[in-house]
Structure formats: structure tokens, C-alpha cells
Amino acid sequence: MPEPGKRPVSAFTKKPRSVEVTAGSAAVFEAETERSGLKVQWQRDGSDIAANDKYGLAAEGKRHTLTVRDVGPDDQGSYAVIAGSSKVKFDLKVTEPAPPEKAESAVAPTSMEAPETPKEVPALATQLEGNVSSPEGSVSVTQDGSVAGSQGAPDDPIGLFLMRPQDGEVTVGGSIVFSARVAGASLLKPPVVKWFKGKWVDLSSKVGQHLQLHDSYDRASKVYLFELHITDAQATSAGGYRCEVSTKDKFDSCNFNLTVHEAIGSGDLDLRSAFRRTSLAGTGRRTSDSHEDAGTLDFSSLLKKSSFRRDSKLEAPAEEDVWEILRQAPPSEYERIAFQHGVTDLRGMLKRLKGMKHDEKKSTAFQKKLEPAYQVNKGHKIRLTVELADPDAEVKWLKNGQEIQMSGRYIFESIGAKRTLTISQCSLADDAAYQCVVGGEKCSTELFVKEPPVLITRSLEDQLVMVGQRVEFECEVSEEGAQVKWLKDGVELTREETFKYRFKKDGRKHHLIINEATLEDAGHYAVRTSGGQALAELIVQEKKLEVYQSIADLAVGAKDQAVFKCEVSDENVRGVWLKNGKELVPDNRIKVSHIGRVHKLTIDDVTPADEADYSFVPEGFACNLSAKLHFMEVKIDFVPRQEPPKIHLDCPGSTPDTIVVVAGNKLRLDVPISGDPAPTVIWQKTITQGKKASAGPPPGAPEDAGADEEWVFDKKLLCETEGRVRVETTKDRSVFTVEGAEKEDEGVYTVTVKNPVGEDQVNLTVKVIDVPDAPAAPKISNVGEDSCIVQWEPPAYDGGQPVLGYILERKKKKSYRWMRLNFDLLRELSHEARRMIEGVAYEMRVYAVNAVGMSRPSPASQPFMPIGPPGEPTHLTVEDVSDTTVSLKWRPPERVGAGGLDGYSVEYCQEGCSEWVTALQGLTERTSLLVKDLPTGARLLFRVRAHNVAGPGGPIITKEPVTVQEILQRPRLQLPRHLRQTIQKKVGEPVNLLIPFQGKPRPQVTWTKEGQPLAGEEVSIRNSPTDTILFIRAAHRTHSGTYQVTVRIENMEDKATLVLQIVDKPSPPLDIRVVETWGFSVALEWKPPQDDGNTEIWGYTVQKADKKTMEWFTVLEHYRQTHCVVSELIIGNGYYFRVFSHNMVGSSDRAAATKEPIFIPRPGITYEPPKYKALDFSEAPSFTQPLTNRSIIAGYNAILCCAVRGSPKPKISWFKNGLDLGEDARFRMFCKQGVLTLEIRKPCPYDGGVYVCRATNLQGEAQCECRLEVRVPQ
């Protein structure tokens, strides 16, 4: 079955064959055409055959028959049948009748030997079934099972087959050979033959032990022989086969069947097998037992077998063209169609279907269709343009099958034959399929709207939380509704069943929320968009309570107020107050408060029963804050009047205790006094210490008593009763109060009581402690890939208490959130910070902590960026070595890092030495280097390191030492693969042939052409140390030839040959002539062109032109032969023919054309028209409708019309007031069927006047005139 995509070779589907008949009998020739109704002519020796007593002509649909009755020696000769442009020739041979005795003797032995051979038992069964004799030319099975064709089989002079494979039969286990012969005299290349079983199975993929394909070529007869060998045949080998032969421009195929019989012994012949029904009538194949009839045998089927065979072939329905069905079906239907038609080799079917040519129907409505797809950025404009064949055609634009209406965003444009759809401000809703419909045709395209990358405008912030706290990461992107992905340590986060992660969108803001953080949630979190990503670190710490301010011991008197206050790090922590280990229950006098991080216990009207140990225990933490309340009891003793004043304190006056107060707290000194009369209390503060002076011993003192040393102080009197520092005095006590103690309040306070009886004095030392001052800005050093060293100095003032440690914080430079790096206080003045993100700028600050609390933060450090050194370079190789140089080459490191690469350093050292010498001052950005000035013969090791702002990375070292010495390398040409075959270039094209070579030292390069050195300015040679180039700027035919390049080093050389072929367009064919004309066809012949353009002629293009119109139409394209038949011409017309030649460059510039027209005569009597005297139709011009006076309005187009007749057609001229209007662009002149029109565009009053129309031809001249008045509108 021929491939659907190929043009049929002949108009006949069945061709008449040459026959040999006995004299006196009848000869019948049959032919079948492609379609019914096609006119068929029979000829003998070039003369048409008409129906008479000798010849019988019959036509039935597509079937045409020629019968030659009572054949005699005179009837022997050449016959032909013509249908359309196809002509088939065949021969009739007449032989004398053979003696009847020889025929009987030839038949008798065959019938007697038939039952003796076991292999011929199936033939007996065939005879029992009523099988007819095999047709002429069929194959037969020999003793060894081979198939031999009939010696009398005629050759087919039209098809490609000289001998076609015939149907055959074989017994199970036997062998059979099918042969096909193809004539090769007219073929330029060997034909391609394929063997198929069924419709699809290509037997070339089944070649093995039981199936082999052979081919041979007989040079004497120029005949190709192709054979299909089937050995050890099985029942599965039976079926229909097909042989296909194809050349470059022809194709032919032949179907044949193979019947496989079961092996049956001579004594086991079962006559019942002759009456079993088979699945395929007439094929002789035995079916399975499931197809046999149960019950009695039907002997009538045996008698009707032969007739059923003959009728089944005639009544079989026409076979469906499966190729055409598959071509029109979608790929999803391939499997169903293959199943319906019994196709099992789906892979072979798809392979063959893919190789078929798809004949696309050329559009008649569109000259230029839409592209398959368009792409546009979101918010931009797109134009979809088509070009129509009819400029006046109406178009409709569809979007997803719905018609588009014109609006502000959709604009339709029509410019000539172009139709344009413009879509402005494209959005994602415009991403759809679009169609342009013109009448019944349409072209489709698809528009893809590309969104711009979504950028992150505000990055994520690092966070430090405790276990159980809520975490929320927030970022802001450039587009609302953008899709983002959240990742943790590189793994995408999803909404789990526990809803651990919650994602929130608010306009351009995106949030990742973790309700209760756990230790497993710590890590690096990232948000990723189409335009980038942002990273942040989450640190989760276990809860650890810190005490910023502990409770202190108190000493109060009766009826006073006692306040215990402490401050912890967590404001959500609650606690319990204990008194001597028992929980304290609040009442009207005892109050407990919790405000933020401050817990306070207040006791009003202190009594002696309140003196005890008080403790605060935070809930959930193993922590206990304790303090003691001292009750100062005032004892009232009876004293006589005139009692000297006395200050009653627990501490002796000579060595007073230091009273410590925290800055910002309230200081209250309650000093009990006594004396009668009531003493005067004086409070003083020592502000300046003077020089000490020596004093002699008091009078009456012992001699050995040493001199007392006294200090002289400048004292400040404190007597204010209101304000921050105040003194309140009653009869029995004096109270000194300082609100919000400050550092300036620190010092020695003197209390003096006086009355007439005497005085008493006590010194009280007050020390104010505070948080330390803020340390100086920390310094950053040793910055690594994800770590750095932070160093700082102690604070200038420690707050009066030793510094217990330091707290370190960091933040990203563009962020506002500081993240704490340590919970345990740092005792040292340096710390190594880790877990930073490479390439992100950070800042550091530090806090100092003492017993009072934490200082203010230090100024931020200078911004720094963690950057690690790059990795080591890879693939370090030695490219070349000379006596003093070594060429190195390497690749960049696999890990570059955020710091990029500043360059590479190269070093070398002697083998066995550890001292590396720099080979290059500074860094090189290239990945190769030529190290010069090396000692000859030295064995050196080389290493390369990559550098960036973080410093050098790891080195890569050559595996073995390199000997610095020139290596003698044999010259060798490395000819590229595409230069090993003939190099074809078109005339005028540049030629650039680059040939690499090897060899050391540098070889000498020599070019020659046809054995002669190259000369001339048009050919230039360029040589380098590694290659040579042959360059021709503009190629000419003279540059064709054989070029040889030679590389030589001393007595060693290597050669390569290149064949350059410069090709051009061929010259036109020669000597075109008309060989024969018959019916509606003309046979042409020509000779190949004299100049083939220096390349093979690919074919010819044949064109025809009617003598009347001289419009050329292509009849044949890429036609290989030098003769052809042009058919389907019109009777009575004359035609010119011309032929172009083609090669790989193109078609010839000129064509070979017939000089005289070829007329297609009408069959039958030739009509001779009567001769008449020619009439003279010439006539002088005359106006049948003259011009009329008109009055028009200015600004509106006006038309002047008249009608003229004349022969030949007169020349028309228009005048205004005697001036010719032919070159004035404001006037348009028309002439159609004798009607003359003058159009005046937007006339003005100046256009008024007398207009004249003049008509002139060879016979005379005529003119008419009118007056035109142009009125101005009022």
C-alpha cells in the first residue's frame, strides 16, 4: 500500500500486462483507472482502436477491457492504453498451438505422483476443496520448500518491479523464499526495499534465525534482486505480506499471502479437515477448535468452496485507508483506531506516522497568519496583526471562543489588508487563546501575560523568644496579592494538621505566625518570591528568670511603712510572698502589688510583730529572694529634767555603718533623739575634705598618749523642710529624706543635737549605687563566613558595684530589631558570635550588668558583613611547557560566597622544598596564567588560591611536579569532521576554513592548491600557534579545487586534503522540443543544461502558458527526468512551454522555452470559417453626453461628467481656462466605459471658470465645455 503522502506513479491502479496466446484464441487486456468516468483510449502501433468485429471495447466503472478476437499472426505487436497523462504499453505475442500428446504426457505424471509425496498432501486437500489452477506467474513450492517463479511471467515495463513476489504455501517446519526484482538501469541510487507483515510490522526488526533478508545486484543485467527467506515456518508465519520499493521520486508496492499447512502423515489424512470452517475464506489457514461446527458436517460447503473463494474477493468491501484515518484523528484516538484495525505494533505505527509528510492546506483568506504564541509583560501593550487576501473582508476577533467588543482596552485597526487587535494594559485576565475569523477560516494564537518579578521591599527581622512565646515574621512585597513561599532551613512550610504555622496576608504584607514556639522551631526562616528572598534567624531559649533588682533589708520604727520591692526579667511571672517560710496573706495593712516586672510588698503601721524574714518566690522557678525587717524599738526611760541630748542609733558613732541605697530609690534616715529640753537637730553633709592637722594631747593626758589626728571638712547645712532633700524634726526624732537618690547624694552626713545641757553628734555614711555606665562601642575582628569576634572595654563607671558580666546584642543593619545573643552573663571582654548569615550586614552593641541592674546599651559597632574565604579552585591542569615557561589553567571554585572573587594568586616551589615563590605580583582575574622566567630542567609544584575580601581560600596544588623543559611533539592536523567531506559554498559567499593542529615547537604551515602554492590577493592564509585559517572574502568558481595543508617540524610532517566546491545557479536546459501531441496531452523533451553550476542537477520545473493570456502556470516541480507529459490541456488553445533547471543553489535565471505555440486540435472534421472582408470600426471622437454648467458650494467635492465614444479609444485631456489639469493633484480624472469624470476636491471660489474636456484619436478630435460657478456658503 503506497504511503498517503506520495503522489501516485500512474493514473492506472491496474495495468494491462503483456500476454502470449495461441493462434485462434482470444486475448483480453484489462485496465483499472483511479476514478470512474476517466476517458480511456486504446492504441496499436500509435493508431487509435475503434470497436468492430475484431476488437471489443468495454468500460464498467473504473474497469476497462480490450478484447482481441480470433488472434492471428497479424495481431502480434505493441499496444498501448492512454488515460489522462498516463500511457501504458504492452505486447501481444502469438504462438502456434502445441500438440495435444505432449500436454497429456506433461499432466499425467503429476497427477500420479501427487499422492506419493508426503509434502504434497495439502495439495490433495486443496484439490478436494475444488481449488482452481494457480494463475500465470505464481510461485510454487519445490522439494526443499523454495519458491520458484514461472519462467513465462511477463515483465512490467511501467512499475518499478520486474518480478513481483507471488502468493506461496508451505508446510509447518518448511522453508520458503519470496523474490522481487527491480530494474536499476534508470536509477541513480539503489532502491530502498521494505518487507512488511500485515499493515505495520516491519520485518527488518524481526530478522533472526527463522527470518532473513538478502539483496544482490547483477551488474550485467543491471537488476536488483531482493529476497525474503522464511525457515522453519510456523502457523504464526501465515498471513498477508507486503513488499515496498521506493526511489527518490517513485514508489511501488506489492501484496502477497503465505499459507502455512499443518504437517500430516500419509496415513493420517483426515478428510474432515476439508469441511472445517476457517476464519479467513480462501486463505487455507486452519483455525482453532473453537471455530469448528459442533454436530454433523456440512458437505455443501465443500461443493461451494471454489465459487465462494472467487466471489469473496469480488464482494470484499474496499479497504479503509488507515493512514488517512490516523492523520485526521487526534493522538488520543491512536490506540482505539489501532485496536479496531488490528494493529499490534504501535511503536512502528507511530514511527511511520511521524515520518509521513503532512500536506497543509494553504489558506485562501489569510496571507499572513498569527504567530503560534505571543508573550507580553503585565501592564504593557500587545498588538496582534494578520494580513488578509481580500482587503475588504470583515474579521471577528474571539477570546476563548467569545467575540471581543471594542472598548478602551481593546482597539481594532484596519489598514489596507492588515487587521490589528491592540490590547493595552494587559492583565492576567488577558492570558487566553485568541482567534481571528474571516468567513469560514480562522487562525489562532495564544497570549501569555508575564508577571514582573515580585520584589521584597522590607526584609524579615531576626527574633529571639522564649519557649511558649508567640513568633511573628513580617515582610512586605512590591505587589498586592503576590504568591510567596515560606521556608525553614530550606524546606517549604505548609499548613500542618496541628496548624502550627499560620500564614496571613494583608495587602502587600505577609506574615508567618507561630503561636507557641518550641526549641525545634529555632533555625533560619526565609520568604521567597519570584524576584528574590529574605532570610531571618529565630532563636528559641528556655525560660530563665533574671533578677534585675532584689529585695533589701529594712530597719523601720513603729508606725512606719516598710516596702520590699524586687524586679525580674519576665513581666508575666507571678510570685508568692512568705513571712518566716509561711505564705503571707494580704489584708488592709499588708498589700501585695505586681506591676510589669516589679513585685512590691507594702506593710503599713509596722509593729514589733512584723519583724521577721520576708521572701519572694516566683512561680515556676527555683528562685528565692529574701530580706529581713528590723524593728527599731524606742525605749522611753524616765530621766530627770535638764537631760543632755542623745542620739539613739544601733551603731556606735565612732564607726558608723554605711547605708546603701539604690539610685532612684527613696532614702529615709529616721534618727531617734532625746533630751530635755528638746534639742536642736542640725544635719550637715561633708562636701570637701581638707588637710589633716596634728593636735597635741589634751591637757592631763598621759605622756605616752599619742597626738590625735583630726580631719577638716567643709560641710553643707541641710535645713530645707520641703523639696527632694528635706529634714523633718519632732520632739523625739529627726527624719532625713532624699527622694530619688542620685550619685551626688553620696557622702558622709553629720547629725548634731544640742540643748543647753550639751550636745551629741553622729556621722552617717550614705553610699548610692547605680547601674554601670554604657560601655564604649564594641570592635569587630576576625570576621568569618558566619562568625566574628566582638571585643569591648569595661564601662568607665561601674555604678558603685562590681560588674558581674555583659550582655551582647546584634541586629541587621537595615532592621530595627535587636536580638540578644546570650542569657548567661559574659565574664570576659570578648565573645565569638556565630550563626550569622553570610552576605548580610550586621551591627553589635553591649550592656554591662552589676548587682543593681543592666546599663544602657553601648553605641552600635561599625557595620560588618560575615564573609568567608572562597573555596579552592578546581581542575588545575598544565596546558603547555617550554624551556622557561609553564602554562596553567584552572576553573573557579565551586563555592564563591557572598564576597565574590577578587582574583587568584599563583605560587610555585621546588620539589622537596617548602618555600613557595609568588609567580605573579598581585592577583589575576583570569583562570589561566603563563608563568615565565622559570629555571630550565627544574621540577616545580604549582598552587593556586582564590582571594576575596575575607582573604585567601584553600589552595589547589598540582598532583605531580612539572619538569620545565620543552617537549617535542609530533605535528598533527586535527581536521574537523565537517571538513573531511566536500566543502560546498555558493558564489559570492565568504570561505573561512579553520584547521587546528598540534606540534612542538611551533610547526611550519604550508598551503597548496592542486599541488601549486597559493597565490593571489583573493586567498589569504592566517596562522597561529594552534591553528591555521584559509580565508576567501568572496568565492568564485575558479576557487574550486583540491587544497592541501601541511604542518612540518624538522623531518616530521602531517598533511590533510580539503575539497572546495564553489557552486552557482545552473544554465537553462537545451533543445526543448515537442515530441508528440495527442488528445489533451503534449509530450516534451529537452537536454540537460550545459552548465550545471558545478553541482548536481536536482530537477526541473515545467511551466505552461496559454497563448491568449500568456500567464505562466507550473505543471511539474522538482522533476528529475528530461522528458514529461503535460496533460489536461484545453482543446483549441495554443500553449507555450518553458523549463527551468534546479540545483542546490536555486533555479536557473532563464528558461528554455518553445518558440512556437502548440495548438491542441479538435478531433473530427476541421472547421474552416468563411472569409469575410474586414470591417473598419474606426470612428472619430464624439460626445454622446456633453458637459453641463454647474453651480456648487465651496468646500464640498464636486464632479463634472460627460460621455464620449470613438475608435480607437481616444485620449482624454481636461482644461480649465485653457490650462491643462493633468498634473494638478487637486483634480482626479476617471474614465470607465466611455464615461468621463473630473473630481474637484474641496473647491474654492478660485476654481470657478470654464472647463473643457478634449478627446483625441487618429481619426480626429472633439471637445465640450461648461462653466462652473463656486458659491461661498452664507
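The backbone N, Cα and C atoms fix where each Cβ goes, and this holds for glycine too.
The N-acetylmethionine annotation in Swiss-Prot covers Met1.
Here the domain 'Ig-like C2-type 1' (8-95) has a mean pLDDT of 83 out of 100. Under the heading domain 'Ig-like C2-type 1', Swiss-Prot lists 8-95.
Annotation source Swiss-Prot lists phosphoserine at Ser47 (among others), citing similarity to another entry. DSSP assigns Ser47 (phosphoserine) to a strand.
The region 'Disordered' feature in Swiss-Prot is assigned to 95-153.
If you look up Swiss-Prot, you'll see 128-149 marked as compositional bias 'Polar residues'.
According to Swiss-Prot, the feature domain 'Ig-like C2-type 2' maps to 157-259.
Within 10 Å of the C-beta of His214 (Zn(2+) binding site) there are 11 other C-beta atoms, taking all protein chains into account. Per Swiss-Prot, the feature Zn(2+) binding site maps to Gln212, His214, Glu227, His229; the stated evidence is similarity to another entry.
According to Swiss-Prot, the phosphoserine annotation covers Ser279 (among others).
Summarising the annotation, Swiss-Prot assigns phosphoserine to Ser288 (among others).
The phosphoserine feature in Swiss-Prot is assigned to Ser307 (among others); the stated evidence is similarity to another entry.
Residues or ranges marked as phosphoserine by Swiss-Prot on the basis of a large-scale study or a structure entry: Ser312 (among others).
Under the heading domain 'Ig-like C2-type 3', Swiss-Prot lists 361-452.
Residues annotated as phosphoserine in Swiss-Prot, with similarity to another entry given as evidence: Ser427 (among others). Secondary structure at Ser427 (phosphoserine), taken from DSSP and collapsed to helix, strand or coil, is coil.
If you look up Swiss-Prot, you'll see 452-546 marked as domain 'Ig-like C2-type 4'. Across the domain 'Ig-like C2-type 4' (452-546), DSSP helix (H, G, I), strand (E, B) and coil residues number 3 helix, 49 strand, 43 coil.
Residues near Ser459 (phosphoserine) in space but far in sequence (CB under 8 A, at least 6 apart, same chain), listed by position: Cys475, Ala534, Ala536, Lys812, Lys814, Ser815. According to Swiss-Prot, the feature phosphoserine maps to Ser459 (among others), an assignment based on a large-scale study or a structure entry.
Taken from Swiss-Prot, the feature phosphoserine applies to Ser550 (among others). In the three-state DSSP reading, Ser550 (phosphoserine) counts as coil. Around Ser550 (phosphoserine), a 10 Å sphere centred on its CB holds 16 further CB atoms from the protein chains shown.
Least packed by the Cβ count within 10 Å, out of the recorded positions Ser47, Gln212, Ser427, is Ser47. Between the listed recorded positions, namely His229, Arg1241, the fewest other CB atoms within 10 angstroms of a CB are found at Arg1241. Other residues of the chain with a Cβ within 8 Å of the Cβ centroid of Gln212, His214, Glu227, His229, the Zn(2+) site, are Val177, Leu213, Leu228.
Mapped onto three states, the DSSP output places Arg1241 (omega-N-methylarginine) in coil. Sequence-distant neighbours of Glu227 (Zn(2+) binding site) (same chain, six or more apart, CB under 8 Å from its CB) are Val177, Phe178, Ser179, Ala180, Leu213, His214, Asp215, listed in sequence order. The recorded positions recorded for this entry are Ser47, Gln212, His229, Ser550, Arg1241, and the Cα of Arg1241 lies nearest to that of Ser427 (phosphoserine). Gln212 (Zn(2+) binding site) carries a strand DSSP state (E or B). You'll find the Cα of His229 (Zn(2+) binding site) roughly 46 Å from the Cα of Ser47 (phosphoserine). On a Cα basis, Gln212 (Zn(2+) binding site) lies 49 Å away from Ser47 (phosphoserine). You'll find the Cα of Ser550 (phosphoserine) roughly 104 Å from the Cα of Gln212 (Zn(2+) binding site).
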